[in-house]
Amino acid sequence: MMQRCLRLPKPLALRRGLHVAQVNGQAVATEAPEAEPQDAFERQYLKERIEISPFQRVFLGAGSSIAALLDPRRHDMIACLGETTGEDALLTILDTMQASEEGQRIMADKPRIHTSTIDFKYLETLPPDTFGAAYVKFLKDNQVTPDSRMAVRFLEDPKLAYLMTRYRECHDLIHTVLDMPTNMLGEVAVKWVEALNTGLPMCYGGAVFGAVRLRPKQRRAYLKHYLPWALENGKRSKPLMPVYWEKRWEQNIHELRSELGITVLNKA
């Protein structure tokens, strides 16, 4: 079977996992046969992913953005929007992961965050000023569970699919380290931090359109306190995706915030 040839800049071709060869004096990228999956996540994902054409991707992206705008409670549409618009940002995140020793370990291990993989009984025994204890307290105070995240289905590259999965499963951990609740104000503020930190379009959309739904009193607090704080932390903080949160349970949460360049908003 003939391989499809693509005339792409060499760095972009290599970034997308293509082979680069010289043809008539020009660098040409050729699609290689799909490599054998290297781990359980990739094997499972390749069984369950839904393959879509470029046209379907555009159609799904447009449709899900309209549906999410009309009804922000449609988490399925928000998830679809993230997958159909986030590939370029995910490629940049992948570069960031590969440039960090901690990020490389995450990509090698591909840890998952739900009740079947995290020892929450152990976290409950940790001192209250540790990250693990703060995470458990966040889950209880906000009555949320790590098992509620939707599975990724529409991304072609399993590595990018894992990064989107990782982003979703770490969302509550970002809430924890930012000390933000899951109410509308907290969600919009966290989305701004995530948008500036990851570059994911869906985060920008959630931040902008989520703010529209704030009530007048909330909007005043948002503009005066939450938005300036979120923008400052989003721009100043270190990349959060390469943080191996599961290795930080015992770390003092104040030291962790200092390491990541995060400050907590004084809500008084």
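Using N, Cα and C of the backbone, Cβ positions are placed for all residues, glycine too.
For the Zn(2+) site that Swiss-Prot gives as H171, D172, H175, the extra residue drawn from E156, E187 is E187. Same-chain neighbours of the Zn(2+) site beyond H171, D172, H175, E187, judged by a C-beta within 8 angstroms of the site's C-beta center, are, in sequence order, V144, L173, I174, M180, T182, G186, V190. Taking a C-beta cut-off of under 8 Å and a sequence gap of six or more, E187 (Zn(2+) binding site) has these contacts in its own chain: M180, G206, G210.
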